[in-house]
Amino acid sequence: MAEYKLEVTTGTMKYAGTMDYIHATLFGTEGQSERTELDNFGFDALSGMTRTYTIKTTTSLGKLLLLKVEKDPFFILSEDEWYCSKIVVTTPEGEAILFPCYRWISRGELVELRGGKAMKVFEDDCPLLIDHRKKELTSKKRLYQWAITDEKIPHRIHYTDIDELPAEVRFSLSKEHEIRFTKKLTEIYIKKNTDKNNVATITTITEIYFPISHHPDYVAEHWQADEFFGYQFLNGTNPSVIKRCSELPPNFPVTEEMVKPFLQEGSSLKEEMKKGNIFICDQKIMDKIPTREYDGKPLQAAAGLCLFYMNPENKLMPIAIQLHQQPSEQNPIFLPSDSETDWLLAKIFVKSADAMEYQAIYHLMGTHFLAEVFAVAALRSFPVIHPLYKFLIPHFRYTLHINTLSRTILFGHKGSTLGYEGMTELIRRGLSEMTYSSLCLPENITARGLESVPNFYYRDDGLKLWNIINRKVVEHFYPSDNDVVKDTELQDWISEIFTHGFLANKLAGFPTTFDAVEEVVKFITMLIFTVTAQHAALNNGQFDFLSWMPNGSLLTRRPPPTTKGQSSVETILETFPNIGETVKFAAQAVVLSEKYSDMVLLGAYTEEWFQEPALKQMIKEFQADLSNLTDIITVRNSELELPYTYLSPTEIENSVTI
């Protein structure tokens, strides 16, 4: 008689347990066990509980191959799904084998689990396991399908409603309840204010503002200052657009005389360009972008050019702004020496266009949509036993749910200048210009000439994180280039990403296949950085910087100015959204920036997918590196008037979930 000990763990989330009957069957190279009910005295499968059971066989089953789990109804009770986290089986020979599950199991459902170390496709030599692998992928390809809503934007999961999503990729009930509660509070707040369609004043905007950000009133107090305007292009919500300028574009005719008063005494624009102290933000991607109508007239968005100077005090200062791409008498170049309201209005339109570009291209498309492509391709291409499935699945938690939800909210939102068609067109343009190197932070920083810019905390913290993420896990599973080439599932994965995410654009430099270990390492590093650090850098500051509406409004009701000397405080207030619209923007920022109780931080692996000691050690080293970086950032921030916290590991979620 041989005995197998099963330690069965139920998930910790609400309603994870079940009263139903649970049965298990073991399959090995030398036979299979009887279908055995897992039943001890008392409750067997409550949330967070681990219970131990014994399955007896006449002889050893040899090497364990599969564990089948089934759930049958308990009398006439209604459906009672069970969330099985993992099962650890100890064989008669004393070997403990981990069988990860981490999914909901319904009545009558038969779930086949594979245990032991991660296996690539060419390493499976058992007919039973080869067949199981094929059947699993066939099933997953039916469950997760691609949908094309627009030929020029990344493809998406085919589900259109969150209730259609498979249970294991949906929000936990606690997160769902918390989001609904937060949304309900903001809806109450909106209802109290949305009947106010009159022009906002700074007083009413202050009353609307939610002062609970990292830096409560800093933005409200400094939003008009040139120094803070420049700071945000390095460390605000959109640190991805500014570039070093060594030569002015021909459509931006700034002269030496225009900007000389704002440069170091005795210097010139040409000299400062040679020194590397001149930078530019070119919003040409916004040129002629479709906009929606407002009060029966089409709105207008700026497509500006903004010139910056890094002064001797290491402050990035705006020194010239043109609000449209083509110079003309109706498109003047605004300067800090213009009237206070003229200069402020020019900055308002640049920040408004930047906010729209940021939300559509860099945040939504560049993190959310790419994360969805990476996730769907992985779910379709990798069986659960594949090492890259085990390695990457924690970084896809909740992504399909939040994206399905956000498509309903954001694309149905009519509050911004662009509207649905404008936002879609902006995403199309953004994807057509996206390159592989632009997603790889070290190459991105070098290409933009920002390696030595002072006080660029996004770059400093981001590069440290990039190097920490770029660890040895991939090399552990792929010791040679030949291993990479032979892994057909890996090749299918990158092929799906190239086809459905980057729309087969070979000119953008994205890999179509993998031929070397270093290629896989780079791509995996980019992927994890994108769905963790990059998303945190872009998402987490939304409330801090944008809930104070004047600092980056998504809606401008008046067109950009065409002449100088005609503006006033009233002009600026009439440009801003009205009170009701301002309330909606502020409330949306609250929901999108909230932290929820089941948040999983980068490096905090709450699910056990690997049992290999080498992998567990790598995870410990990764966590130690993140902890050290947290300490470095904390010390740095203690000396800053405005701390940069968004890339501290204590602020970075392990996946795109909000």
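Glycine too: its Cβ is placed from the backbone N, Cα and C atoms.
Residues annotated as Ca(2+) 1 binding site in TrEMBL: Gly17, Asp80. According to TrEMBL, the Ca(2+) 2 binding site annotation covers Asp39, Asn40. Here TrEMBL flags His363, His368, His535, Ile658 as Fe cation binding site. Under the heading domain 'PLAT', TrEMBL lists 2-119. The annotation domain 'Lipoxygenase' is assigned in TrEMBL to 119-658. The annotation site 'Essential for stabilizing binding to COTL1' is assigned in TrEMBL to Trp104.
Residue pair His535 (Fe cation binding site) / Asp39 (Ca(2+) 2 binding site) shows a Cα separation of 45 Å. Listed in sequence order, the residues of the same chain lying 6 or more apart from His368 (Fe cation binding site) and placing their CB within less than 8 Å of its CB are Thr399, Ile402, Asn403, Ser406, His535, Val656. Under a cutoff of 8 A between CB atoms, and with a sequence separation of 6+ in the same chain, the neighbours of Asp80 (Ca(2+) 1 binding site) are Thr18, Met19, Asp20, Pro73, Phe74, Arg107. Proximity of Trp104 (site 'Essential for stabilizing binding to COTL1') to non-local residues of its own chain (separation of 6 or more, Cβ distance below 8 Å) is seen for Glu81, Trp82, Tyr83, Ala167, Glu168, given in sequence order. Over all protein chains present, the Cβ of His363 (Fe cation binding site) has 22 other Cβ atoms lying within 10 Å. The number of other CB atoms found within 10 A of the CB of His535 (Fe cation binding site), across every protein chain shown, is 24. The Cβ of Gly17 (Ca(2+) 1 binding site) has 20 other Cβ atoms within 10 Å, all protein chains considered. The closest partner of Asp39 (Ca(2+) 2 binding site) among the binding-site residues, by CA position, is Gly17; the full candidate set was Gly17, His363, Ile658. Cβ proximity to the Fe cation site centre (mean Cβ of His363, His368, His535, Ile658, cutoff 8 Å) flags the following additional same-chain residues: Leu364, Thr367, Ala371, Ile402, Leu538, Asn539, Val656.
Counting every protein chain shown, the Cβ of Ile658 (Fe cation binding site) has 22 other Cβ atoms within 10 Å.
For Asn40 (Ca(2+) 2 binding site), the same-chain residues lying six or more positions away in sequence with a CB closer than 8 A to its CB are Arg51, Thr52, Tyr53. Secondary structure by DSSP for the domain 'PLAT' (2-119): 0 helix, 63 strand, 55 coil.
Rounded to a whole number, the distance between the Cα atoms of His363 (Fe cation binding site) and Gly17 (Ca(2+) 1 binding site) is 37 Å.
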